[in-house]
């Protein structure tokens, strides 16, 4: 097990006495006294506490419940009801949980016995003839019963809280297991699932300790009322009247808690989802200067959430107030009623009655309403968790052949299996008129079924299907499509050894086809067959995603991905995937730790690691989604030849690509357009086909069929026609052997700006500083500093308000004690004296004042904490949005989100209640000690010893428990990080069949956290048991001391003292534990304070001149002239600069292409322009070095700079929400402007088909075009493209370049080149970088004709030429070199006409 390095489980080795007194946890506490506890000091989990066992048990019961509801629905013919999660939990944990019911009843018996024995002690003082031994016997009996009461109390709470832990852990694991099976069609946000796991399981943990009081409370109340009737007769009913008044209020609260809880979690979902989006897309937020609109949006969502939280806190404050003034209010009603009956009050009746009512007070005004509140909150969680668990699951295709022709309701998504004749033995995959869709609502399902019926999909014969389809005339073929399907009528055959290329324009469905092959997308029409291997099992698949998914771990673990290590295979894969050089640059080679999402790797490295992972696994089918776009042409060709056609030769391979030079080497090609396979077959055959695409549209009034001609094949033809003819020997090279490299020749894809910002020094793109950039979350040691408390309260309150809080707390306690002394005095008066109305009137004034001041202080205290929480969130959010990108690369997404979810929830909901409870009980304890010492001064002798014991126990406890709690908080972060990581790579996890491995990793993380939480839980019981024993001892000392000096004691004052000490016995340990709990919750505040104080970017958002005017003049930049003057750049924590003394001048309106090998510094140059990292200039390394239109950009604000530039990033990001918000978060543009920008990006048709939301199904190419639309909308004079055409097809690439020429006329454009043809022929000058230095800078034709060591033909800027660009062009091959030279010459001729 993962906890083998930890000490054995103490609970399993404990004897009865050790178990009874919780002594088995003492070794940990002893170690914590002298050392700082670390995770390996915690005990192993017992066999009953292992997460896997309880999760498996819950899974079995959940499956039984689902089967039961389905069977019942089938029997009755009705729709199935939701499974009952409560019943499932009861069947799993109910027996152990029910033990607490027995100990809870025993505890109630003890409490009632204490009150009865107290009556005997008080009456002993009223009877001078009673022997002292009798009083001593009563005092000792009171001590023993109180001790047993404390013991039962802790053996009630231990099983219930342990059950709560089991429920939390098993539900979290169950939901994670569900995530691994979740259908991609569910589209549930990562933030929502994180919220479910971090907050929605918490109510179960809160409910289990108190839930049984919903039963025990009323039972206890019945017995208490019986003894009260015996004491004071009918007057006890007036006390019951107080319950009748207060209980409806608390019932109202409990009902509304459920409603408010539901609204709160929904509001929190929205907030966390938006935060998750912002932090994932923080690079784009920074580059576009969108911090302010996103901050406003998050704060708006936060204010909605806080509105609900404040309502809940008002009710909690009222409940706390009711608990405090319950005793004086009861006393007023009961004893005034008793007085009105003409009866005489006596000390024994008064204080026995008060003690009995106090029993009900704790149970009925604290535990009982808490039971109702937590049960109500858990009902909300049950509903949300049940809804999540009932989301559609993605199941493997259960039969060999799926069709859409019978019994659609039986299987998920209507994937119905109808077994036909076996597949042709040579085939692995076969699709026949298959249509796939992401979502299938019932209405959609019906539409598709109806349409399929109209089309009358033909039944295929047993044999000859493929040949018939081949022979079918394709010249006049018409492809039809079911409505709302993403892929329509796909017919595909994949042989065992075939290499199939999939091409098409952006958004045509290429990645969706990969999802369909991986069975991630539901089949809605047609048929889909998968072969089985000789073992009779489903064929295996490997998958390399278009956006490479890299998880936190070593490079080796990312490649092996759970497969056994085979040195020979591993070495072959490393070599075939061109990773040998990269690994040699890493400090620990393939054992180098890489961060979450592979932030320390370049884009090309991530792509190659992803490809290596797919290639390492011995699979039947390899699905490779555009793996060659992120690498340079030389590496791309090596990957294709050595890996795809070499290492994987003889396997079935599906290669999605925009790089058309490779399709000539593929056996077959499929051309997709508008979700339909317009062409398929050999390349030369495909070129000759003419196909019409039929789209069925429904505008709500009529269904129309629109036929359009398939156009993408024209790209292939044009591609072929432009290919220059080259002679090799005496033969002409076929056009397919010619310049197919043209359209997608690429330079290696360096890491985007984000990756560079984390690089520590040296080679920016090679990620050679992996471990240095990832910070380990710190675990604070020692006490939470007083400064944290002060800063937290000062965030939301003025000193006057804080002084008012302290004054109101003191005043309420003082009035309460004074009222009790008055009641004691009243009860000791002679009968005739008690008849004066003066006494009940004055007592009534005391009680009324107590009620008013108590409610005032409760509301005021909760308000102060709520305001501090509000300000804390705002400060933390503002700080993170103002800090640099380096922070987000050093801290995993889950860790940051944990501060805003779990820590913030602690501050919002748990801290106000816990803090106020601790403060209120401390004041009550102080009042109790004062009263006892006034009654019997001799007790003062025992107080230093008893309180010395309390202080020692608290010190031992807090040293260990605080550290254990911090370990608990720290070990929760990996749970959220792994969840977020898994959801990002869910398709890869399922494709490789490593779900069980990831489940085991998650269980390990849960158990690591479980050890900390369980240890914390037992430490609390250890402390509580001993504090209650000392409290019982204090009660015994008080009773015995009073009996010993009986002649000097008044029965009324003894009764008052015993009444207060009885309360003390439970409340002292609770006060200590709540104070510690409060200190531990303040760890969350401390953690958030840490983020609130992160270092901001060096310049503010705006900079102003001394006269208040902006440093940036209106309309800046007017021309966008850019000048670099001896500029150098060194990354944070870096030792050496990655850009070195660069001096360049860029003219206004120039288009500049930036090229270079891996590690050249291309993206660092862009980072310098946007000031993602501060640059230096000159020998003394002062800030600056970059001037735009005469203004040094280091002197202006970050926001002022970035909002004036536009960027089309390498990895486009869409935020969840409307398309309008994604394009214009600042709401500065009219709808007409947005539509114009969309039309310029040729996205208008696509957008018109959307339903208003963004961030879900858009492919990377479409997202890239949306980034173009953003840039168009900004109308900036300075445009930056960071390898923006890496993931788009040739058509889209041309369109982007055309848009740059037309939409950005007069703008200065910087483009990091991915395809050489992008910058050669269209760009004015080319900048060649290498290792952070300028190698060449001139026009393309001048650079291509430069001698190996000669000077530039154009001579501009004086960069000494060494033939760098010429060699890079030569590396692309003779065919492509000819074309690139031709394009460069044509561009030179246009710029330098011969007649000049």
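Each residue, glycine too, has its Cβ placed from N, Cα and C.
Any TrEMBL annotation is an automated prediction that lacks curation.
Keep in mind the model is a prediction, meaning the values are calculated, not measured.
Checked against TrEMBL, the range among 874-894, 937-957, 958-978, 979-999 recorded as transmembrane segment is 937-957. Residue ranges 802-823, 1000-1021, 1022-1043 are listed, and TrEMBL annotates 802-823 among them as transmembrane segment.
The feature transmembrane segment, as given by TrEMBL for the ranges 774-796, 843-865, 1050-1072, sits at 843-865. As stated in TrEMBL, the feature transmembrane segment covers range 320-340 out of the listed 278-298, 299-319, 320-340.
Within the same chain, residues 221, 225, 228, 315, 318-319, 322, 326, 329-330, 333-338, 341, 343, 353, 357, 360, 364-365, 368-369, 372-373 sit at least 6 positions outside the transmembrane segment (234-253) and bring their C-beta atoms closer than 8 Å to a C-beta of that stretch. Residues 20, 22, 100, 103-104, 106-107, 110-111, 113-114, 117-118, 120-121, 124, 209, 1017-1018, 1021, 1024-1025, 1028-1029, 1031-1033, 1035-1036, 1039-1040, 1042-1043, 1062, 1065-1066, 1069 of the same chain lie 6 or more positions beyond the ends of the transmembrane segment (136-158) yet place their CB under 8 Å from a CB of it. Stretch with the largest number of CB pairs closer than 8 A to the transmembrane segment (910-931), among 210-229, 802-823, 843-865: 802-823. Here the listed stretches are 88-106, 210-229, 320-340, and the one with the most C-beta pairs under 8 angstroms to the transmembrane segment (802-823) is 320-340. A Cβ distance under 8 Å defines the sequence-distant neighbours of the transmembrane segment (937-957), meaning residues of its chain 6+ beyond its ends; these are 29, 32-33, 929, 1019-1020, 1022-1023, 1026-1027, 1030, 1033-1034, 1037-1038, 1041, 1045, 1068, 1072, 1075-1076.
The helix, strand and coil residue counts that DSSP assigns across the region 'Disordered' (1375-1396) are 17 helix, 0 strand, 5 coil. For the domain 'ABC transporter' (1122-1356), the model gives a mean pLDDT of 78. Long-range contacts of the transmembrane segment (320-340) within the same chain: residues 232, 234-239, 241-242, 246, 249-250, 349-350, 353-354, 357-358, 361-362, 365-366, 812, 816, 819-820, 823, 826, 834, 839-840, 843-844, 846-847, 850-851, 854-855, 857-858, 913, 916-917, 920, 924, each at least 6 residues beyond the stretch ends and with a Cβ under 8 Å from a Cβ of the stretch.
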